[in-house]
Amino acid sequence: MARVEKPRKVILVGDGAVGSTFAFSMVQQGIAEELGIIDIAKEHVEGDAIDLADATPWTFPKNIYAADYADCKDADLVVITAGAPQKPGETRLDLVNKNLKILSSIVEPVVESGFEGIFLVVANPVDILTHATWKISGFPKDRVIGSGTSLDTGRLQKVIGKMEHVDPRSVNAYMLGEHGDTEFPVWSYNNVGGVKVSDWVKAHGMDESKLEEIHKEVADMAYDIINKKGATFYGIGTASAMIAKAILNDEHRVLPLSVAMDGQYGLHDLHIGTPAVVGRNGLEQIIEMPLTADEQAKMEASAKQLKEVMDKAFEETGVKVRQ
């Protein structure tokens, strides 16, 4: 008799703009067979579950429902998008105290349910909240992952692709560091077809100010979107579904994620964006990119900023931790 595999189950916590976009992307791509959604607005979740299920005749079969924390017990993946949204004029780090308290109220009941899967944190500031999820949950580092600089890297690929007239998927590029103002592109590596972007810029009569222009455009893109429409959700919702797919399908894929530093880049005791390999068991490998002295200094400055804000927030909120 053929062995019947257990359906892959995902619990989404947070049914706002990002969460619902993530859920829709999961439905469209047929990622996981079961999707439970948790939010304090229970009636809204029930409506979303019905609405999402209406798409399944043209996509993929999926059991979608309004869930409770008890449903996390046998889930493979818990995705956290819940939190106060970033408002015009706010940085992601401005959200930390509000969202740290919200996060604590989520992680505790998930752990108490008997959950033994993987946490994927998407809520902002994602690096700090991912580290907090690890500390609050007591989980191993390989089972707590943040979306990190996945969206920022995608934005960088988009901008470079437009400049060089190539498909963004053909752009080999990374943004590292905080998912926020101190993030930076790795120009010593970033390339298209093996030709460094920095060399392409020079060959086309531009100077290094073009690289700074690209950096600023990518770093400021979220602020531009928020000022124009109030929130960002299509990009991050789709990127988060891509990460979930890589984990659930055991793809062993390299993605720029927020992962725990254990000496990489000389950093310890924080989560920050760097390429990492993920699969069915979560984090499999952290890839430490070789950086120039200038890039290393930017990584250290980004980490320092995160650490200062994080330590202050933990002290002010008094969030209880297991490790």
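Using the three backbone atoms N, Cα and C, a Cβ is placed for every residue, glycine included.
Keep in mind that this is a model prediction, so the values were computed, not measured.
What Swiss-Prot annotates here:
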- Val18, Asp39, Tyr69, Gly83, Ala84, Ser105, Val122, Ala123, Asn124, Ser147: NAD(+) binding site (BINDING)
- Gln86, Arg92, Asn124, Pro125, Val126, Asp127, Asp152, Thr153, Gly154, Arg155, Thr232: substrate binding site (BINDING)
- His179: active site, proton acceptor (ACT_SITE)
- Tyr223: phosphotyrosine (MOD_RES)
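Locations of recorded Swiss-Prot features on the structure.
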residue: Val18; record: NAD(+) binding site; DSSP class: helix
residue: Tyr69; record: NAD(+) binding site; DSSP class: helix
residue: Ala84; record: NAD(+) binding site; DSSP class: coil
residue: Val122; record: NAD(+) binding site; DSSP class: coil
residue: Asp152; record: substrate binding site; DSSP class: helix
residue: Tyr223; record: phosphotyrosine; DSSP class: helix
Distance, Gly154 (substrate binding site) to Ala84 (NAD(+) binding site) (CA atoms, angstrom): 24
Nonlocal residues around Gly154 (substrate binding site), in sequence order (Cβ under 8 Å, 6 or more apart): Pro168, Gly235, Ala239
Gln86 (substrate binding site) versus Asn124 (NAD(+) binding site) - Cα distance in angstrom: 8
Which listed residue (Gln86, Asn124, Thr232) has most other Cβ within 10 Å, given these are binding-site residues: Asn124
Cβ contacts of Asp152 (substrate binding site) (under 8 Å, same chain, 6 or more positions away): Met175, His179, Glu183, Val218, Ala219, Pro256, Gly273
Set of same-chain residues at least 6 away whose C-beta sits under 8 angstroms from Val126 (substrate binding site): Arg92, Gly146, Ser147, Gly148, His179, Ser258
Val18, Tyr69, Val122 screened against Gln86 (substrate binding site), Cα within 10 Å - retained binding-site residues: none
Cβ-based isolation winner (fewest other Cβ atoms within 10 Å) among the recorded positions Tyr69, Tyr223: Tyr223
DSSP three-state assignment (helix, strand or coil) for Thr232 (substrate binding site): coil
Distant-in-sequence Cβ neighbours of Val122 (NAD(+) binding site), under 8 Å, six or more positions away: Val18, Phe22, Val79, Ile80, Thr81, Gly146, Ser147, Ile236, Ser240
Val18 (NAD(+) binding site) CB neighbourhood, other CB atoms within 10 A: 27
